[in-house]
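For reference, the structure is listed below as structure tokens.
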């Protein structure tokens with residue numbers, strides 16, 4: 001005969017916080033074990049990249065609070081908040097903007113020297 005199972009806690013509804021799995025005890029009984037909710041790794045701060053960040057533990061917020069800093073970020077600029085590709089693009093963009101400013105400054109200086117002649 002099939003063994004009937006009952007929840008071990010008071011909540012009797014099949015909600016997200018009441019998910020269970022079956023487990024066989026050493027006494028050969030089948031009982032419910034409550035499963036923890038699955039964590040998600042953070043998304044990139046750029047908002048463009050679809051995936052989750054690599055190198056950051058995918059855990060629930062309460063567990064994240066207890067983790068060490070090395071498990072919550074990667075050792076890079078914007079590590080733990082932006083993905084590597086976006087950081088690379090941001091650095092390139094900043095470099096090109098600075099180069100453009102220098103070019104404008106040089107062109108102004110040349111125009112100034114042309115007027116002085």
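Glycine is no exception: its Cβ is also placed from the backbone N, Cα and C atoms.
Among the features that Swiss-Prot reports, SUMO2 cross-link is placed at 108, with the record citing similarity to another entry. Annotation comment: Swiss-Prot describes 12 as phosphoserine. The N6-acetyllysine annotation in Swiss-Prot covers 36, 43.
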Residue 36 (N6-acetyllysine), number of other Cβ atoms within 10 Å:
9
Please give me the CB contact count at 10 A for residue 43 (N6-acetyllysine), counting all chains in the structure.
15
Based on Cα distances to residue 43 (N6-acetyllysine), point out the closest of the recorded positions 12, 36, 108.
36
Pop the Cα-Cα gap between residue 108 (SUMO2 cross-link) and residue 36 (N6-acetyllysine) into the table, whole Å please.
64
Measuring Cα to Cα, how many Å separate the residue listed as 'SUMO2 cross-link' from the residue listed as 'phosphoserine'?
76
Taking the Cβ of the residue listed as 'phosphoserine' as the centre, how many other Cβ atoms fall within a 10 Å radius?
9
